[in-house]
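Below: one structure, written as structure tokens.
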Amino acid sequence: MSTDNSFGLMRIGLATAEDIRRWSYGEVKKPETINYRTLKPEKDGLFCEKIFGPTRDWECACGKYKRVRFKGIICERCGVEVTRSKVRRDRMGHIELAAPVTHIWYFKGVPSRLGYLLDLAPKDLEKVIYFAAYMITSVDEEARHRDLANLQAEYDQETRVLADQRDSDIAAVAADLEKDLAKLESEGAKAAEKKKARDAADKTMAQIRKRADAELDRKEQVWDRFKNLKVADLEGDEGLYRAMRDKYGQYFEGSMGAEAIQRRLQTFDLEAESEMLRETIKTGKGQRKTRALKRLKVVNAFLTTDNSPEGMVLDAVPVIPPELRPMVQLDGGRFATSDLNDLYRRVINRNNRLKRLLDLGAPEIIVNNEKRMLQEAVDSLFDNGRRGRPVTGPGNRPLKSLSDMLKGKQGRFRQNLLGKRVDYSGRSVIVVGPQLKLHQCGLPKQMALELFKPFVMKRLVDLNHAQNIKSAKRMVERFRPQVWDVLEEVITEHPVLLNRAPTLHRLGIQAFEPQLVEGKALQLHPLVCSAFNADFDGDQMAVHLPLSPEAQAEARLLMLSSHNILKPSDGRAVAVPAQDMIIGLNHLTTVRPDEVGAGNLYATVGEAIMAFDGGDLHLNAPARIGVEGFVPSAAVPAPEGWSEGEIALIETTLGKVLFNELLPDDYPWLDKQATKGTLGQLVNDLAERYPMVVTAQTLDNLKDAGFHWGTWSGVTVAISDITSDFDKAAIMEGYEEQAQRVQQQYDKGLIADDERRSELIDIWNKATDEVAAAMKDGLPELNTINRMVSSGARGNWLQVRQIAGIRGLVANPKGEIIPRPIKSSYREGLSVLEYFSATHGARKGLADTALKTANSGYLTRRLVDVSQDVIVREDDCGTERGLSVTIAAPNADGELVAHEQVENSAFARTLAQDVTGEDGTVLAAAGADVGDVLIGELVAAGVTEIKVRSVLTCESAVGTCAKCYGRSMATGQLADIGEAVGIIAAQSIGEPGTQLTMRTFHTGGVASADDITQGLPRIQELFEARTPKGVAPISEVAGRVTIEDTETSVRLLLTPDDGSEEIAYPVLRRARILVADGEHVPVGTQLVAGAVDPKQVLRVLGPRAAQRFLVDEVQNVYQSQGVGIHDKHVEVIVRQMLRRITVIESGDTDLLPGELTDRARFVAANRAAVAEGRQPASGRDELMGITKASLATDSWLSAASFQETTRVLTQAAMEGKSDPLLGLKENVIIGKLIPAGTGLDRYTKTVVEPTEEAKANLFASPAGFADFDYPGLDQSLGENDFHAVSLDDYDRGGDFRA
């Protein structure tokens, strides 16, 4: 299948005003939307047909041109182009702004890109943009320098004149005062009058002095400010700025608002700035260097791309197509509209008002205010609520801006691009279908008819049951009888996909061959329930139909349920008989020596079955039976004198003979009693030894026999079955005494409350265990509850203990254990107080489940995101590196046995180097597949450790290689090229996360049940590379430890071997120290009990150790919960966490200091530099949490659709990033085939052509149909039936015009 629409890169950049105008089909000038009388869009408004295209297909607005024949004509009356109405989904308009505005993403984002570029604090930038301060945009340094002496002289002259004027005015007042006083003296005035005259004169003089001094000060201020004025200075004092402009306006320019920013950007010299910053980075220290690094990133982004910084200030605003911001009429004649229309309307209104004010020549203050309002309107259109209070609609709801359309789960990325609705799908309740084969599902007839409708219609026409598609459609809609036969034929061998939400791993969607069933419920095979985590208490499932031949082939070959018997997480079987089937098979293989027919001899199996039917032989009675086709096994060796092909006389039960008949003919004889464990091993063994077809057939046999004998066994549960013969009171009495003694000691004050609690808990735990053991022993072997639990069919001993023995200790709402046990069992009944204590745990269990399910789902999402581009890209990267893995360890008797974790560490890998025996012989060559057989041989030969290939050491530049990944756990074969191993890893780690979380709930909150609280949060802490709480220190160097214990504190002192300064580690008093005083410790030793910080491990021991540490820690959590996950899945994620390097010194490479770069790019740049004899860069490994690593990916599409959408897009657009489209998400977003599986080029370039034979056999019997009756269709035929006539039978000889 070829893909012609392939393109290699997707670039994002800053749109300039020219770009916006070029995209636009016209300017939106009016804020109107539609005419409420005619319901037609207003001209030049937000829905204008002239700009955005016609609202009806092939019809202009005024109705002059209608029909497709006028295609492409532009109507001269209304100006609308005659075309399809769907162009209203992609035609944009624009608003021509009367004043420039800044793009809020670049000014208000964190960090402020505009602020970094112009070296302005965001606060200052805000002042300029929102008209609170002036910004100097240019200074004519030359002219100022030239005229400075003259200006200085002029200033001096002016100040002198002012001072002289002041002095002369004061002198005049003083002279007048003298005259007045002389006059008063002569008139013989009183002293009071003289004082009054003097005071008045003093006041006048003070006023003159104050006024003159203020003017002088202002002049001095203006002069000083002007003398030192430089570009980018801010002036918040309007009066001062105006005075300076009036006096020295010809030497500088300044302005407010986005205009000022725009002018600065137009004259900004990026080259010079970059040089200056690089110099600062080389010479600077601390804060200055850090800021310079951050600024250099922004400056460099514009230097290395075609982006112009002027794109951060807009002269025109794009108007998105009207179909993406629709307006719909509601029932009551009212209209519902998208919030964007309101936001656009505010922008247009303010813009038009500003234009009018400018035309009128309004005062500057009014114009500036309108410009500020326009800036705010555009801000809220782009990102409402980013600055100040958000614009709200009715009911104080913030309006959804363009940014909000992209963000979050309901945003464009996650809602529409990554999660689309699917055609050809249905949904219904599921019921069990025990009669189905493993690869089948039951599809309700009506649903199948709707799903396969087009296929059925085509086939009806092919078979001449209908003359054309229209009549075929009518037949289908009326459920004519022939339709069902055609449907039956069409669905043969056409697989359908079944999916159950939540789809936690890939087994949540599987393909089945549909079988038509009556009713309306889907029927599901019992063995696939565990893969889907489905039960039949009302669960629903969705059906999807693969349409193209390629899709059908993939569904059949890769997704068919009989091909998905193994779990991708650990390679263990997932389709294992459960519940009823286990009980049935367990009943079949039980041995009861004292039953009828024990010790009898039967020559053949048939004879034994006849005796069983006649009641002479019990199913479980041991007898000697002659078995045909016997295959000896370790447990049941061949009888003496027996040779292959003969009937073997075996001491067994009829049940076991019947059980062995279910297995493949050449399978060794099984003599064990069937339990959940033995059946699991059996299925694993079958999957390993036999082709999938045989395994699937055997599983179906086991299922059928299990249900049959389960019914036959008559296992039921009644309250009378809860009869355990043991003396509970006697056991409890002893422990009651112990508890009382502890309580008395506490009452006397001999022990503290903590000790009392822990001792009581200890006592009651022992009591509970003893009661449980006694109860278990007291249950009769054939007791149905005992059989259910011991066979693994349902329940566990913990539940039985609570029903028949003792409920035990429970936890309180805080999660602490209450030291008073619930002594009753459910069989005896709880007292009121006991019931009350028990409710806490049960409620907490339910609440926890809900919370943790959400957390676990979020963890899976982050894991998928970080690893989605890890795909097997090549067969072999050629590396010789690998990991050393322990495969054997001595047991208690000193014998060498396989290591308990060998299944999850060494199994399914590839050897990195030869394994040699003690005598030097090569036991296994490098490149060999490590399977169960090889591990067994190596352990037998005494090998304890092997070196295997690992994803962690893979050298593929993109993704990983098949050899380093090893076997695919789900198929048991080497991973294919194109396998999306990253996503499989994420699912394998995330899916049990949810299961663990959901398990708290079944135990009803019993204290001994391991709550996952250590589980999930610990996993998140590790994958997010967070520093744990109460972090345990590790030794940074090798040396000797001394413990210094003073009254106030405890310190560990480490004296390094190399004689350097000793290092002190303060520790808490209650901490458990893991090293002894005076002990010599190697580097990286953990000194105190607790959690180690992975970042410290990386710093001290390097990346390899950090990788191992993370893998081991994650595995510890899962193993403590009894969940098996293969190491390779964790390794895939950990590799992604350590992919990046921070550049410290850039050397002579094109890397920037402080830049986070991919390891492959770093190595390539250094190799190139060394090859040319230049200085290579130096860097340090960076451990990133999965969220941070996802956001740091090369793909901006993937990062934007993950989290922090606006921040990612802002940064990507500024850097003009190109998305290489290597991952899965980016390709889903742009609608290309994903580059995994058959979507890889090596497969898509393959062309598939059916052979002639295949074409002929497409439908086995073209006319294999009975004749159907259509009563009363054509009475003139003289009969009541009408037959479809094959086209070949028509006489084509005559001319139809005759």
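A Cβ is built for glycine as well, from the same backbone N, Cα and C atoms used for every other residue.
The feature Zn(2+) 1 binding site is assigned by Swiss-Prot to Cys60, Cys62, Cys75, Cys78, with sequence analysis given as support. According to its DSSP assignment, Cys62 (Zn(2+) 1 binding site) is coil.
According to Swiss-Prot, the feature Mg(2+) binding site maps to Asp535, Asp537, Asp539, an assignment based on sequence analysis. Long-range Cβ contacts of Asp537 (Mg(2+) binding site) within its own chain (separation 6+, distance under 8 Å) are none.
Positions annotated as Zn(2+) 2 binding site by Swiss-Prot: Cys877, Cys954, Cys961, Cys964. Just so you know, the Cβ of Cys964 (Zn(2+) 2 binding site) picks up 29 other Cβ atoms within 10 Å once every protein chain is counted.
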Can you grab the distance from Cys78 (Zn(2+) 1 binding site) over to Asp539 (Mg(2+) binding site)? Cα atoms, rounded to a whole Å. 57
On a count of neighbouring CB atoms within 10 A, which of the binding-site residues Asp535, Asp539 is highest? Asp539
Roughly how many Å lie between the Cα atoms of Cys62 (Zn(2+) 1 binding site) and Cys961 (Zn(2+) 2 binding site), rounded to a whole value? 63
Helix, strand or coil by DSSP: which one applies to Asp537 (Mg(2+) binding site)? coil
Taking the Cβ of Cys961 (Zn(2+) 2 binding site) as the reference point, list residues of the same chain whose Cβ is under 8 angstroms away and which are at least six residues distant in sequence. Val872, Arg873, Glu874, Asp875, Asp876, Cys877, Cys954
Here the Cα-Cα span from Asp535 (Mg(2+) binding site) to Cys964 (Zn(2+) 2 binding site), rounded to a whole number of angstrom, reaches 38
I'd like to confirm something. Which of the binding-site residues, Cys60, Cys75, Cys964, has a Cα closest to the Cα of Asp539 (Mg(2+) binding site)? Cys964
Same-chain residues at least 6 positions away from Cys60 (Zn(2+) 1 binding site) with a Cβ under 8 Å from its Cβ, in sequence order, are Glu49, Pro54, Lys66, Cys75, Arg77, Cys78, Val80, Glu81, Val82
Which is it, of Cys75, Cys78: the one of these binding-site residues whose Cβ has the most other Cβ atoms within 10 Å? Cys75
